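Annotated features, as they stand in TrEMBL:
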type   : residues : note
DOMAIN : 1-101    : domain 'N-acetyltransferase'
Amino acid sequence: MDIRHVTSSDTEAVLAAVHLFGSAPLREATERFVASSTHHLLIASVDGEPAGMVTGVETTHPDKGTEMFLHELGVDGRFRGHGMGAALVDALAEIARERGC
């Protein structure tokens, strides 16, 4: 399993991973999401095939500082039960720690 942080050059890969999302990703929304430094989309692949994803959004509140909110987690049914969801959450948590969330 390979987990990568999606960048603006990965829009086509996100759009092709429609089966991982609750609804089909929209091109313009995807481009805006991945362009933001406070929005995070990680995709897990198995043998080059998108198999899972997690999104996180950083937000700052006056009395709490900056926090990372896990917004969405999806794992292809064929890959469930093998720790992929946990690995994606751990990878997002590591980004949160690195960014001081």
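Including glycine, each Cβ sits where the backbone N, Cα and C put it.
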Model confidence over the domain 'N-acetyltransferase' (1-101), averaged pLDDT: 96
DSSP-derived helix, strand and coil totals, residue by residue, for the domain 'N-acetyltransferase' (1-101): 39 helix, 36 strand, 26 coil
